[in-house]
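Over in TrEMBL, the protein carries these features:
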{"type": "BINDING", "residues": "D482, N509, G511", "note": "Mg(2+) binding site"}
{"type": "DOMAIN", "residues": "44-149", "note": "domain 'Thiamine pyrophosphate enzyme N-terminal TPP-binding'"}
{"type": "DOMAIN", "residues": "241-359", "note": "domain 'Thiamine pyrophosphate enzyme central'"}
{"type": "DOMAIN", "residues": "451-576", "note": "domain 'Thiamine pyrophosphate enzyme TPP-binding'"}
Amino acid sequence: MDSTIGSQLQTCKPSNGMLGNPAQNGATILDSNAPPSVVVADATLGRHLARRLVEIGVKDVFSVPGDFNLTLLDHLIAEPGLKNIGCCNELNAGYAADGYARSRGVGACVVTFTVGGLSIINAIAGAYSENLPVICIVGGPNTNDYGTNRILHHTIGLSDFSQELRCFQTVTCYQAVVNNLEDAHEQIDRAISTSLKESKPVYISISCNLPAIPHPTFTREPIPFSLSPRSSNKMGLEAAVEAAATFLNKAVKPVIIGGPKLRVAKACEAFVELADACGYPIGVMPSAKGLVPEHHSRFIGTYWGAVSTSFCAEIVESADAYLFVGPIFNDYSSVGYSLLVKKEKAIVVQPDRVVIANGPAFGCVLMKDFLQALAKKVNRNPTAFENYQRIFIPDGVPNKSEPKEPLRVNIMFQHVQKMLSSSTAVIAETGDSWFNCQKLKLPEGCGYEFQMQYGSIGWSVGATLGYAQSVPDKRVISCIGDGSFQVTAQDVSTMLRCEQKSIIFLINNGGYTIEVEIHDGPYNVIKNWDYTGLVEAIHNGEGNCWTKKVRNEEELIEAIGTATGEKKDCLCFIEVIVHKDDTSKELLEWGSRVCAANSRPPNPQ
């Protein structure tokens, strides 16, 4: 039986409750008294696409206009409930759609042909790696130009227009080239459905002369958008649960660790249900921070090998059984392939597959179903958590700063911790912010995002824009390094146009610190900018913006007090000046291990 899209898009993040709801004030496109063959003026391809976006929960599209998409944009913005957010460049538009999808469950962006498409493709690749449904819409060539020898602008000078499509084929799960009206309805619906079912980006190219043309297939009634729910193979599910319960119930001190694919499987609540039932200590992989409730009584921190939360790795790696739910084991998450876990002790649960140690694997078993069923079969065993309680020593606190002493990064994050609540969300940029933000203790309802699998520096500026746009009731706190900020700084202006009130901490340490700790060289030093001066220039007296440059703890405390008090309704930009060698101990350890992994000599031939 079909279910509406709203029931299919439950995300693992705090929701604003609007995901998947159809527009309440959308224009009626078919006169109820008219025969079905009569085409109403707004039953156009452009309006059909706009309505579909609204139906799946998209309220904002992030765009950069170009001559191939202008008519399409006219029809998108004409749809009630859909707002166009014009970005400074395509890369940031893609990053914004990424950030939006993390909170809302799906995002959308619109660019022009080839010059726009190839500019946004890096962000789409990042969304693909992070399993985010992003609808990437490109305004394409006029239908009359296909199959001719004409050479178009915005191309590489060949009459073959498929270059952009071929590039997108490796970073999207479906590609639709809409250059006729007869199958446009089917192509658009299939692309959107595939994106939502696969939790991956899709590419939709729409010829520039089609969006304004009515067609009978674009009528709004009587069929709303819906997806058929997936289900587990019943026998496979029963066998997987039985095998897993037998395996875990034999163990003396098992543990459970949440991974980033909890989001894809929409299984966060089922994970907590199992964690409550089993009594095991609960860890989280670094890229899943924010998906597992850190206020849970048995939460022991981040499992990240040698750079784990204190005492977490010791408990996980000494366990005789570990249940990894939705993990991604790559060189970064495994700290240069140095995790001390053994396959024969592990149960690995993926969105639709369960693998038990070196033994059986069970396909067509949905993670959510498996976790809920296992919760009813597993014996409660708190032994490993009791061991954790015996060895646990509370975190130390940084040495107090002397009056006017240059600010240290660990002091800064001590104060960031105090800012967190259920009405905030944290965005951590690639770099040392990964490690410092990982140590933050998230209160219930506090959002958290970073891009670990792809690790594209500069991601956080666009992601902050998109995430903040999707959850206007939360205040986003972004921690961005100076090198990353230089890549994508322009869209601070879009945050101002959208009247966002995020707080950006710009950590100015004079270079690419994460690269320094992997492999140092003169290329890791960047030109210093007057970052607050730059943001003031972008502000240019339009919108609500406040900036501050801080060099010591006293100035930081004052700046945070202003940002959360008098300037709470402003976009606040705080430039934090720290020493170039001031890094977390975790980055030092992680960097040396990743360097060793990168430096392995070729295997003998």
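Each position is counted from 1, following the chain as shown.
The backbone N, Cα and C atoms fix where each Cβ goes, and this holds for glycine too.
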Close in space, distant in sequence - G511 (Mg(2+) binding site), Cβ under 8 Å, 6 or more apart: D482, G483, N524, V525, I526, K580
Remaining residues near the recorded Mg(2+) site, that is with C-beta within 8 Å of the centroid of the site residues D482, N509, G511: G481, G483, I507, N508, G510, Y512, T513, I526, K580
Listed binding-site residues (D482, N509), ranked by Cβ neighbours within 10 Å, top entry: D482
Segment-level pLDDT (mean, integer) for the domain 'Thiamine pyrophosphate enzyme N-terminal TPP-binding' (44-149): 96
